[in-house]
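A.B. asks: So Swiss-Prot has the following annotated:
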BINDING   G10, A11, G12, L13, A14, G15  FAD binding site
Amino acid sequence: MRKTHINVIGAGLAGSEAAYQIAKRGIPVKLYEMRGLKQTPQHKTDKFAELVCSNSLRGAAITNAVGLLKEEMRRLDSVIIKAAEYTQVPAGGALAVDREGFSDFVTKEVSNHPLVEVIREEITEIPQDELTIIATGPLTSDNLANKIREFNGADGFYFYDAAAPIIDANSINFDKVYKKSRYDKGEADYINCPMTKEEFQAFQEALISAEEAPLNSFEDLKVFEGCMPIEEMAKRGYKTMLFGPMKPVGLEYPDEYKGPRDGEFRTPYAVVQLRQDNASASLYNIVGFQTHLKWGEQKRVFQMIPGLENAEFVRYGVMHRNSYMDSPNLLKQTFQSRKQENLFFAGQMTGVEGYVESAASGLVAGINAAKLFNDEEVVIFPKITAIGSLPYYITHTDSKHFQPMNVTFGIVEELDGPRIRDKKERYTKVAERSLNTLTDIISKENLA
C-alpha cells in the first residue's frame, strides 16, 4: 500500500471533517469533490458541507444525546462544530446555523489548509492501493455507487429523505403569529403560527388530499422516521401531527395576542413553528414540514397556515432517495471495510442519520485513517461515549432489521448500579461518565 497521502472522496459533512482531522495530524490529503463539475439532484452549490435539509444541528444541552455528541466532537476539535458555533443563529435550546455561512466557513477552513489538495473530479473507481475514505453521502453518483455495490457484493438499502420549505420573512403576516420558544427556553427565537381546531382539521384534510410529486424510482416509498414528510404524518392519523411538529404544549398565547383562538384556552389547538434560517433573519424554514408535495400544492396548502396566507417560498420542499450500506456485515467500528483494511466509509451512507452523526463518523474515520497511515493502533471509542455508541450500533445490530440511526441515549451503554429514575439526573451522569472517559482517551491517544 502506497502511503504518500490519504484520499477523501466527498466534501460533505463527513468528508470535510475527515479531511480536516487527517490534515491537522500532518498528513497530506487529496480531497475529491465532483460538485462544481457535476451536481446532485439535491445540492445547490459546490461548497463543502452544504446543508440540504434543515439548518438545525438539534439540541445543545449535554442532557440530550446529540448535545453530548457535539460536546465530545468539540473536545476532539471538530471543524463542523467549530463552523456551527461560528455561524449560529437563534433557535432556543437548539444549535441552528446560517446555512450559507456555515458552508463558507467549512470550505475555507478545509480548502485553505496547506496539506489539503482539493480536486474537483468525479471518482468512478474505488482506489485499491491507497488509504481512502469514501464519504460521498446518500446521493453518491451512479457510477461510484455501482462500484461500491459491486465491491460489497450487496445491493444495500435505501430510504427517502425530505426537506422542508423556506419562506421570505417579509411575507409573513405578523398580526397572526407570535414569537416564543417552547416552555420559554432561551430567547423567543421561533415564530409560532397558531391554529384553532377548525383550522387544523381543514389543514389536515388538505394535506391528505394534496397531490404528491412522482418518485423517480419503481421502489416503494420508505422514509426515515426523523424526516417523515408532513403529508405522510397527516395520513397516519388525526393526532399524529399534534404529537409531532404541530405539538402546541409549551407554546401558550402571549397576553397581547389578538388573533383567532378557541374560546378562552391559553394554548392553541395546534402550532406551526418557523425557525430562522440565516443570520440576517430574512429567511425562515417551516419546522418539521419536510414534504414531497408538488410545488403548486405546497403553496396552496401551506398558505392555509395562519400568518402565511401570502408567504413567498424561497425554496419548496423536496424529497430524494438516500442509499446506505449493510454496515453490520460490511464495516468495523473504526469505519474500516471488513474486506479491505485501507478503505474506510463515513457519513450517511454507513447508516448514521443526521448532520452531527455524519460529521462524527467522518471524525472517527479520519482519526483512524491517520493512525493507520502512521502504523499506529486504530482507536475504538467505547460505547459509553456518544461518539462510540454510533459505530458500535451500526456494526453490531441485526442486519435484517438495520435502519439509519440517530444518536440516542438508548444506544449508549447504561450506567452501572441501580437505575436512576429521574431522566435529567440519569442523563447528566451518563454525560459526565462519557466526557471523563473521552478526556482519558484524548490524553492516552494524543488526539487533541
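Positions of Cβ are set from backbone N, Cα and C atoms, glycine also.
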A.B. asks: Taking 8 Å from the centroid of the Cβ atoms of G10, A11, G12, L13, A14, G15 as the cut-off, which other residues in that chain fall inside it around the FAD site?
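C.D. replies: Here the non-site neighbours turn out to be V8, S16, E17, A18, F48, A49, A135, T136, G137, A346, G347, S358, G362.
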A.B. asks: Count the other Cβ atoms sitting within 10 Å of the Cβ of A11 (FAD binding site), across every protein chain shown.
C.D. replies: 32
A.B. asks: In three-state terms from DSSP, label G12 (FAD binding site) for me.
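C.D. replies: Assignment for G12 (FAD binding site) reads coil.
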